[in-house]
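Engineer: From TrEMBL, for reference:
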type	residues	note
TRANSMEM	22-39	transmembrane segment
TRANSMEM	51-68	transmembrane segment
TRANSMEM	80-102	transmembrane segment
TRANSMEM	114-135	transmembrane segment
TRANSMEM	141-163	transmembrane segment
TRANSMEM	296-316	transmembrane segment
TRANSMEM	336-355	transmembrane segment
TRANSMEM	367-386	transmembrane segment
TRANSMEM	392-411	transmembrane segment
TRANSMEM	423-445	transmembrane segment
TRANSMEM	460-479	transmembrane segment
């Protein structure tokens, strides 16, 4: 399979993932905004901050949540113990579907992955909304049952699809899979008679270490909140809502691109080889794609950062009312907008880095991540005691900046001896930067004059100002970044997507 064909597959996967996730996430966004009107900050903090950590540690330290940590007031958060057990059970159910998810991801089953995950999330939100309205006194039962329902639907969709697919030998897709029946995915005795394949076990251990460290880096603030009780449950709830709202664009746009193009880079580039020793056509395509993705991530991140500062309070007021728009909510979301910029760049740089690194380089990077994890936890404690929940976001920004620097050094070394310079994607024209600065100033003044205590006419005027500035910014980007526009129109264009999916 040539590099251009792999690029086409990765672009289709990212495009369909982006479009379908926008549709489904819009539905869940509305449902979640509705649910928030009927919940307290305290129960949101327990459900979204503490209990999901119990999911990750289900098989190891689940008893900690029941025996060692502070148990919430049952009058405020009823059925805490049963809820933790049900969340743990949902983790076991979800693990059963992991092999099917890996198959779908590795073989680019576009529609299956997006529809299955999105449908499960929507049904979970619908069930949560129904239970919140009809049996609000159930407390944590509501969210634990909804989570268990979500994982069950998710796994059943994958099992039904692959059972039907593997039962059709004439299917072209079935012939490309490394398994021929469902039982091949179950544990079995190897040909040598050993129950454990030690070569695969070592590889699994390497992945586990990396995943564990990334878990600390991505969810570290939740551990600090849970074990050190730096924030009360109400503040934890506000932080988590803002975190989820701020990362919505990252999940919708950056995650599908990162996952899809990681597969592209892994298939096009050969590990253990320098760029000069590989097929130059593939190296050139990879460099061109990386440059365009960096430019796209930078532009998207800057747009979110610039406009997010002026519209954070309005977004929180619409989404959750006074519970979010007053207090620390707007400051948190503004800080998170800056974090999204770093998140976007890091997603692209790391998807290339992990696809091109040799095994030895991955192991060395794991040690770096271990140091980052430790420094991140310490910095989170210090900054949070100094400036409250904003400290978690500042610590995340510091952590993300270090990770970006590591990846940029690797990319620079990788292409040092070649004529390609993909890091040029991080350079924007001075005109475009000037338009960003102008838009930030105009929308900032508009927020002071029009938002958010002067009624809906003033709010709509504020939105209109932002729409004008956004149109001016995007128009300037189209005129100055013609290479990126060409990449998007040829690889992520709607006509190409439609032709391939029909």
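Cβ from N, Cα, C; glycine included.
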Engineer: Is it true that the transmembrane segment (367-386) and the transmembrane segment (392-411) have 3 or more Cβ pairs under 8 Å, skipping pairs fewer than 6 apart in sequence?
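Structural biologist: In this chain the transmembrane segment (367-386) contacts the transmembrane segment (392-411) - 3 or more Cβ pairs sit under 8 Å.
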Engineer: Apart from its near flanks, which chain residues at least 6 from the ends of the transmembrane segment (141-163) lie with a Cβ under 8 angstroms of it?
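Structural biologist: Answer is 47, 51, 55, 78-79, 82-87, 89-91, 93-94, 96-97, 100-101, 103-104, 112, 116-117, 119-121, 123-125, 127-128, 131-132, 135, 182.
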Engineer: List, by number or range, the same-chain residues at least 6 past the transmembrane segment (336-355) whose CB is under 8 A from its CB atoms?
Structural biologist: 242-243, 246-247, 249-250, 254-255, 257-259, 261-262, 265-266, 269, 286, 290, 293-294, 296-298, 300-302, 304-305, 308-309, 312, 362, 365, 393, 396-397, 400-401, 403-404, 406-408, 410-411, 426
Engineer: Can you work out which residues elsewhere in the same chain, 6+ from the ends of the transmembrane segment (460-479), have a Cβ less than 8 Å from its Cβ atoms?
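Structural biologist: Cβ under 8 Å, 6 or more out: 299, 303, 306-307, 310-311, 314, 431-432, 435-436, 438-439, 442-443, 446-447, 450-452, 485.
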Engineer: Is the transmembrane segment (296-316) packed against any residues at least 6 beyond its ends, judged by a Cβ distance under 8 Å, and which are they?
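Structural biologist: For the transmembrane segment (296-316), the nonlocal Cβ contacts are 242, 245-246, 249, 253-254, 257, 324-325, 329-330, 333-334, 336-338, 340-345, 347-348, 425-426, 428, 436, 439-440, 443-444, 446-447, 451-452, 459, 462-463, 466, 469-470, 473, 477, 481, 484, 487-488.
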